[in-house]
Amino acid sequence: MHEQRSLTMNALTPAVSTGPLPASRKIHKSGVLHPQIRVPMREISVHPTAGEPPVIVYDPSGPYTDPTVETSIEKGLARLRHEWITARGDVEAYDGRHVRPEDNGFAVGERLTPEFPVRNRPLRARSGKAVTQLAYARAGIITPEMEFVAIRENLGREMLRGTLQRDGEAFGASIPDLVTPEFVRDEVAHGRAIIPANINHPESEPMIIGRNFLVKINANIGNSAVTSSMAEEVEKMVWAIRWGADTVMDLSTGRNIHNIRDWIVRNAPVPIGTVPLYQALEKVGGIAEDLTWEVYRDTLIEQAEQGVDYFTIHAGVRLHYIPLTVDRVTGIVSRGGSIMAKWCLHHHRESFLYEHFAEVCDICRAYDVSFSLGDGLRPGSIADANDAAQFAELETLGELTKIAWAKDCQVMIEGPGHVPMHKIKANMDKQLAVCGEAPFYTLGPLTTDIAPGYDHITSGIGAAMIGWFGTAMLCYVTPKEHLGLPDRNDVKIGVITYKIAAHAADLAKGHPAAKVRDDALSRARFEFRWEDQFNLSLDPETARSFHDQTLPKEAHKLAHFCSMCGPKFCSMRISHDIRAEAQKEGMAAMAAKYREGGDLYVPAEESGAPLMPEAHELS
């Protein structure tokens, strides 16, 4: 069970969900190259009668599900990577920029969210240094972050190597039986994977995004001009990672953007992404035409100092691509894309994001902020899928990827959007070819436009498919997509839906450890171990509540049936009866074989004895 509690006495401190998931405990595995690292995983125990070991699963929930760790939202999480970062000797602390009124949308008085109580001096690269995981990987250095993610990806499967199965179609991905730190280094060095890990976010537990690793999911949170608060957004972040979000994007667009982000980053054990353009727009009063490179640059530095791990940069929206969207059914649906398109048309020139991209790289290089190159011209309806505007921008994203790589910056590429099923694979194939196998990060895609209120399902279908084809991270869609700002329950539904999609993709790709949890749950289902079924599921609370709606008594959790079929029509119970009967017949047949030969085995068919003796003969 989880509880929601404020971790200090201050009434302004947000209450967050804590406590372990059912039958689960946090375990840690230590490093070999870097013995100081402790990699978290979740161990799910099963009933002793099963005679099976616990199941180990990936766990991005941080200390919030570990009852042995005391957390304080006002203090933030432990800075576990700080010593790793400073030990490399290539960073320096400095005072950083001062927070200005425009950083929080000019909010004052009661409308101003309190500053995060603890302020550490930000770090940046020393002059001439690149402090990115890509730079280290290219230099042949295996960082603690690289060993951390290698251990994390394996999920203890080195203990299961004899039982693992490679069953799937990987479409060119090269998933190893065992992930080594050197394999991680090589994937990062070649740009096929990224480890989003800003040097000013030492609280984060390293994770990796790449098609040769587990498929990851992102959850979006953030306030708007009309709804939500700091307390709600911090709880949404904690709630999202509790259910399996690997990264979280803060897409706040209202007031208090700076202070809300500080509270989120300081308490986030996962990478945090943003769209800096949103805050830059707030700084100029929401007027796109008034945006400047200077305002945007200041916003990048502000967020890099806070510890944002990856930026969505809509630098691929070029002036001559905008006319390609005129005949679309839904035009330009990306907020960032529409802002930059409006700016370009007003000023009759290329965007400042495109013109100053090399300078953006210099900033990201100094803090190890990864690029998430935005798809500002993504299709917003299936009618617009795979059109000239979408693929023209993708070509530019490929060009920008090479520029970023030349600056030692980590890069992933954002993708659509709304794409019918038969057009999905073309998106993956083109992205791999154009962007040099940089990780693909897609929103869905939604496979049909007819289901407002159910777009977590329409997009989950596309997400599972494109994840199978090679997408490295899937951005979740909630039931509120196109309708409103998601609340806490919407966040959970979106995360669970996308955990299903990501896991289905891992299974289809033939990930060597993907089936372990499935098989454990299937055995529990066949053996009517109801509690194990609940606990091994992605959402134990919902599974248990659905079962208990019709069979609420504890005795029902020992029953060999559920309310769907009842005791007489349960297929698995009937299968048990068939298996028992077959076993009985087999024993009777064996007895017949031995009867004629005594201790010396003589096949019954050779002795003339009947294979199935009558019942009175066995009495």
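Backbone N, Cα and C atoms are what each Cβ position is placed from, and that goes for glycine too.
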Of the residues M146, M159, M249, M465, only one is listed by Swiss-Prot in the substrate site with N220, Y278, H314, S334, R335, G336, D375, G376, L377, R378, E414, Y441. Which is it?
M249
Where Swiss-Prot places region 'Disordered' among the ranges 1-25, 26-50, 101-125, 526-550:
1-25
Return the count of C-beta atoms lying within 10 angstroms of the C-beta of H418 (Zn(2+) binding site), excluding that atom itself.
26
Those residues of the chain, 6+ apart, with a Cβ under 8 Å from that of R378 (substrate binding site):
V333, S334, G337, Q390, E414, G415, P416, G417, L443
Based on DSSP, name the secondary structure state of H418 (Zn(2+) binding site): helix, strand or coil.
strand
Inside 10 Å of the Cβ of H482 (Zn(2+) binding site), count up the other Cβ atoms and send me the figure.
13
When DSSP is mapped onto helix/strand/coil, what comes out for N220 (substrate binding site)?
strand
Rank the binding-site residues G336, G376 by the number of other Cβ atoms within 10 Å of each Cβ, and give the residue at the low end.
G336
List of residues, in chain order, with Cβ under 8 A from that of Y278 (substrate binding site) and at least 6 apart:
L251, S252, T253, I257, R335, G336
